[in-house]
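Okay, these came from Swiss-Prot:
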{"type": "BINDING", "residues": "CYS45, CYS48, CYS53, CYS70", "note": "[4Fe-4S] cluster 1 binding site"}
{"type": "BINDING", "residues": "CYS113, CYS116, CYS119, CYS153", "note": "[4Fe-4S] cluster 2 binding site"}
{"type": "BINDING", "residues": "CYS123, CYS143, CYS146, CYS149", "note": "[4Fe-4S] cluster 3 binding site"}
{"type": "DOMAIN", "residues": "28-87", "note": "domain '4Fe-4S'"}
{"type": "DOMAIN", "residues": "104-133", "note": "domain '4Fe-4S ferredoxin-type 1'"}
{"type": "DOMAIN", "residues": "134-163", "note": "domain '4Fe-4S ferredoxin-type 2'"}
{"type": "REGION", "residues": "1-22", "note": "region 'Hydrophobic'"}
Amino acid sequence: MITLIIFSFLSFLLGIILSFTAYKFRSQEDPIVEIVNELLPQSQCAQCGYSGCYPYAKAIVENSEKINKCIPGGTDLISAISSVLSIEVPEKNLIITHKKQKNNTVLINESNCVGCSKCASFCPVDAIVGAPNFIHTVLQEFCTGCNICLLHCPTNCIEIKKETYEE
């Protein structure tokens, strides 16, 4: 019984020490970065030139990065970010940072698809549907053309047909 009391007291004491340490050494992030990050679509598609939505939000706030690089967010996102940051909406609606898809069609070759579901599990916007061990298909209206599914397909049955243009 005394062992239980000692361990309870030590656990309580360590909890207080950890709480104080976490409070004292917490990260001092800018709350505006969090607000901008919440506005972004969280598709982590990297079409803006950054590895994900949070690094792009941080660059917008801290480095004055252009706010019109998020392709999936579109013009509504540009308006929302400009109102949060109290800046003007840029004249050019969207900036395409790399060679990107204007009209893309993602096709899954059904004869090669083994139904492993890897493409669907890695799709950041859930544009690929299908059940394990069955053929999968792409919902074109949700697909952002990020090519992540292409990288994870073990049978190379995903094909992206696209028209491209440069900025």
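Placement of Cβ uses the backbone N, Cα and C atoms for every residue, glycine included.
Each of these features: where is it, how hidden is it, and who are its neighbours?
Around the Cβ of CYS53 ([4Fe-4S] cluster 1 binding site), 24 further Cβ atoms fall within 10 Å across all displayed protein chains.
With a 10 A radius on its CB, CYS119 ([4Fe-4S] cluster 2 binding site) counts 25 other CB atoms from all the protein chains.
Under the DSSP three-state reduction, CYS123 ([4Fe-4S] cluster 3 binding site) is assigned to coil, being neither helix nor strand.
The average per-residue pLDDT of the prediction over the domain '4Fe-4S' (28-87) is 89, rounded to a whole number.
Broken down with DSSP, the domain '4Fe-4S ferredoxin-type 2' (134-163) shows 5 helix, 8 strand, 17 coil.
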Between C-alpha atoms, which of these binding-site residues comes nearest to CYS45 ([4Fe-4S] cluster 1 binding site): CYS119, CYS146, CYS149?
CYS146
Against which stretches of its own chain does the domain '4Fe-4S ferredoxin-type 1' (104-133) lie, if we need a Cβ under 8 Å and a gap of at least six residues from its ends?
41-45, 72, 139-140, 142-146, 148-149, 151-163
Provide the number of Cβ atoms within 10 Å of the Cβ of CYS113 ([4Fe-4S] cluster 2 binding site), excluding the reference atom itself.
18
